[in-house]
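Remarks on the structure that follows.
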Amino acid sequence: MAEDAMLDGQPGKYEKGEDSGLSGEDASTSAGQERDKKEEVSPKRSFGEKVKGMWAKTGLNVPTVLLMAKGGLPPVIALAMFQSTSVAALFPTLGYLLGIVSVLGFCIMPRAKFIQTMFLDVISVCLGTAIGLLESYCAVKARQHTTPPLPPGATPPLVPPYNSSASAVCAIWLFVQVYAVNCFRAKFPQFAFPTIIYCIFANVTSTYATQFPTVKYAMSFEKTLLEVFLLGLGIATAVSFLIFPVSTRKTVLKQFEAYIGGMRGCLKAEVAYFQSLEDAESFRASITQAKEDEAERTPQAKAVKGAVNALQAQHGKLHGDLTFAKREIAFGKLGANELKSMFEMHRRCILPLIGLSAVIDIFEHLNELNAINETAPEGGWQEAEEELRKQTVEDWVDYMRHLHVNFADFADVIDEGLEHVLLVLQFKKPEKKKQKKGEPDAAASGNEDIEERAEDTRPGSTGFAEYLERRANKFHSGKEIALRTWCEHRGIDLAPDFFDHPATATYSLHVGEQDETYQRHQIRQRQLYMLLYMEYLLHQTAKSVLAYVRFVDDVKSSGKLSRKRFLMPGKKRIIKWIQSIFKTQDVPDDNDHTGPDVGGNTKSVELGSAYRQRKDPEHLPPENWIERFGDNIRVIPAFFRSPESAFGLRVALATISIGIVAFLADTQHWFLEQRGIWALIMVAISMNPTAGSSIFSFLLRVIGTTFAMLVSWCIWYIPDQKTPGILVFLWLFVTMALFIPLKKPQFIIVGMISIVTTTMIIGYQIEVRKVGKQRATSNGQPFYPVYEFAPYRLATVIVGLTTAFIWTVIPYPITEHSQIRKGLGGALYLSANYYSIVHELANSRIRGDEGNPDDKKSPGHRLEKARVKVFSKMMLALNGLRAYSGFQKWEVPIGGRFPRKEYNGIINHVQGILSFMSLVAFASQSFRQTEQEPGSHWTEDFRRVMESANFTSHNITSLLSLMSAAISGGLPLPPYLKTPKPYQLSDRLEEIDKDILSVRHINEPCYAAFAVIQISTRCIVRDLDHLLTHVKSLVGELDFSFHVVSTSDDSSEITLWETAKTVRTREKRD
């Protein structure tokens, strides 16, 4: 339909000329050549190449292997230290905890994150000691007050008898502590490791405090436990600082390097995709609708989408790590301000690259509008329709051939610009240019331009910025080729100097162009806007890279890259860091925090107070002190019904379900004897607030624990039970097991449980060997050889894992599916927030009331800062959802299958909306620039006309908010909900000024920006329409219609009106 056309501008009137496209012979020849290329047999890969390919798939490199080796050292060092008699004498029965705590110190974190986490770990241990002393004091006093005094001269027993009062006190303390600390953990994800360590401390104290006879004995035990934990954390700290130290700044710089490499790879993938559109057959295959199923896309399109997704994931991770890098004390070259500016440059570069990748989605939308690949209806296509479809493809192929040559050349120049950045920032060493043997000298042959041959035009040289700017301007003028081609297809003959003097130059229209159909006119207008869209974004990519090149040149000229210096965070930054510790934060990566369950959402995103706080419909705001006091009282029940309280209660119930065995008379001795404390430790490690229950994750945990048992046998017996060999094999296993937290964070719990289980088994055996069986069993725990001990530990750990799984299901299941549903609702909420910000930002730029963007108090600066913040949050959320959804294909469903296709469709369309909204904000900068640097008279008129044409809609914000609430709560959508109609921006502009979009102005900068906004707003509506369809299929739609279906043959349905009339008739009779 004409009103559904994506692009409806009108440069010029309906002017028709001779169509110039690919002839059938040319198209078939090109297609045949393409098929011949595909049929070429690739040479067989050698064994060495296969091994290299397998190694590349693992993602391992030398720094990662060294980091894994570093992570395997703390438990080995802890157990090696225990071979010292003086160390073993300090804690003879708790030595195995030393290795476990050193593992939980997680020394492989970058320095700034490690220091913050270690600081919190030490606080949690000290707090646990203080509360443990108070708990032990209460338990001892309860025992003393309920135990009759011994007769005179009687000797107290070595093992105190069971006391119900002391056990009850310890059970209450354990329940309250586990509940409180896990509520805190659910509220602040950055406290994952400290809360786990605290839970282990509380579990050990509570189970042993039931047998403390005196306060002095309790203090001695707590002192030993404190020393064990602090020594384990100290070992992790020493390894972190001394063995292959890795600063957060170094990690961030590596990420910047990888980010630049990702941009270069993305640009190359886009060039290859555009090249694939030069053949009619490939073009038809490339524009097939495949947003819900990526497998249907062509290899070139998959490569582009894969490169962009990887780039967005890198952006989200860098956003989280950059905060710590700016706070770190370091000895380096680039300060916090330089790192911040570099990240801003990267963000400026990624937006047009994302926009270029969105060409795939736009072509798919064009296919929907033009029915290029649709199956012919019964009776076939009409001759005119078939000719129009064929001509459309031929036009596009011709355009892409003209565009690709210029595009590929300029992409190489942009790639050189990014290489210049790598060289200047010393991320890459300059390569010496070697002339091939037999190759003629370009200078001698005269085939090389003197300017291009000059030394200062190479990447890394001082004059490269000017060279890049000249090439960028040259490309910008080269877009005239594509525009002239479009005019030729439209039957418009332009004067040779038309683009130099568009206001006065002449152009002629072919006779008969006014007879062109409206449908054909719309198709060609879309083609024009697409050409301008691609040219604008590539030119903006070049401008962003040029700004990056100038920035690094300025940093180099300032002398900051010539020498290293001490870098200290400022006072303001330190204060912000301290304040941020106790604020809810985004958790960008589970390499740094124990994250979700297997396959769980690896990203925890804080959505802001507005998402969680709700206005109370039952209470008005308080007006006096009595009402305010009552509001404070109501905070208590509000806390207890919060999700954080629910998670804390689940963990507390899971802990006490096992711990109750330690507090009953008939089972207390058995619990301590069989080391049931290990099951409690597994509960503390395995339960997580951002993960739900799944059979597959539970089975993987059991398999990981079983594997750890088998490995412990190998570690113990392969070196013939020799301690040095055992320690070497333990280091080797922990090193290999750390591959999971580093490279497969969705399996992090499995990896940690395997490492902790193996360390417990081996650590206990080494402890007994050192202190002797008599002293090791002095606490009443019998000794088992490793071939018996390992299966016992396996059974204990499985009990803990099973209990944790059960309490994730009871009283109602928190499934992983529900977690992704709520995460998707949060992403839709962020989309609504982001759209509202872009709406105001774009309109303020067009109105001219944005203010100075460099002024931190100006409206434009504050809106841009808010936009960037929400943009990064959405990147983080979508990356986590995409990874989680991809893992669901391995899930074992109970009942119906998980609607993975619908969820993938929603994720992809939300990603599309985010990309196109960002492009609207990005393109609107052109209108701001015209105010600062006034251009032509047309530019000022165009900007003035755009002020009165509202091209964004608040209805989209409302619709996204409704869908977010429906997905989050699992509620049906309101009835008759529809997406807003695409805004007829071109028609609106022509109503105001009929000559505003004339062909004379197609080379104006704002004209291309207008094309980007026009395409983006239409694609937002298109993605929103598909998004609404998917959400309706998931949650349903309220249906208030009333239908009575008859079972008779002559009548199948009675309408609502007929039914109402029948009811009224019966009421009268009654």
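Including glycine, each Cβ sits where the backbone N, Cα and C put it.
What TrEMBL says about this one:
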{"type": "COMPBIAS", "residues": "33-45", "note": "compositional bias 'Basic and acidic residues'"}
{"type": "DOMAIN", "residues": "669-807", "note": "domain 'Integral membrane bound transporter'"}
{"type": "DOMAIN", "residues": "811-1037", "note": "domain 'DUF2421'"}
{"type": "REGION", "residues": "1-45", "note": "region 'Disordered'"}
{"type": "REGION", "residues": "433-462", "note": "region 'Disordered'"}
{"type": "REGION", "residues": "587-607", "note": "region 'Disordered'"}
{"type": "TRANSMEM", "residues": "60-82", "note": "transmembrane segment"}
{"type": "TRANSMEM", "residues": "88-107", "note": "transmembrane segment"}
{"type": "TRANSMEM", "residues": "119-142", "note": "transmembrane segment"}
{"type": "TRANSMEM", "residues": "162-184", "note": "transmembrane segment"}
{"type": "TRANSMEM", "residues": "191-208", "note": "transmembrane segment"}
{"type": "TRANSMEM", "residues": "228-246", "note": "transmembrane segment"}
{"type": "TRANSMEM", "residues": "647-665", "note": "transmembrane segment"}
{"type": "TRANSMEM", "residues": "698-718", "note": "transmembrane segment"}
{"type": "TRANSMEM", "residues": "724-740", "note": "transmembrane segment"}
{"type": "TRANSMEM", "residues": "747-766", "note": "transmembrane segment"}
{"type": "TRANSMEM", "residues": "792-814", "note": "transmembrane segment"}
Seg_contact(the transmembrane segment (747-766), the transmembrane segment (60-82)) with at least 3 CB pairs under 8 angstroms, min sep 6: yes
Dominant neighbour of the transmembrane segment (698-718) in 88-107, 119-142, 228-246, 647-665, 792-814, by Cβ pairs under 8 Å: 792-814
Secondary structure content of the domain 'Integral membrane bound transporter' (669-807), with strand meaning DSSP E or B: 111 helix, 1 strand, 27 coil
Best-contacting stretch, by C-beta pairs under 8 Å, relative to the transmembrane segment (88-107) and drawn from 191-208, 228-246, 724-740: 228-246
Rounded mean pLDDT for the residues that make up the domain 'DUF2421' (811-1037): 76
CB contact flag for the transmembrane segment (228-246) and the transmembrane segment (60-82), at least three pairs under 8 A: yes
The transmembrane segment (60-82) and the transmembrane segment (647-665) contact flag, 3+ Cβ pairs under 8 angstroms: no
Cβ-Cβ under 8 Å with the transmembrane segment (647-665): same-chain residues at least 6 beyond its ends: 162, 164, 167-168, 170-171, 174-176, 178-183, 185-186, 199, 203, 206-207, 210, 671-672, 676-677, 679-680, 683-684, 687, 689, 799-800, 803-804, 806-808, 814
Tertiary contacts of the transmembrane segment (724-740) (same chain, 6+ residues out, Cβ under 8 Å): 58, 60, 67-69, 71-73, 75-76, 79-80, 103, 108, 711, 714-716, 718, 747-748, 750-751, 754-755, 758-759, 762, 766
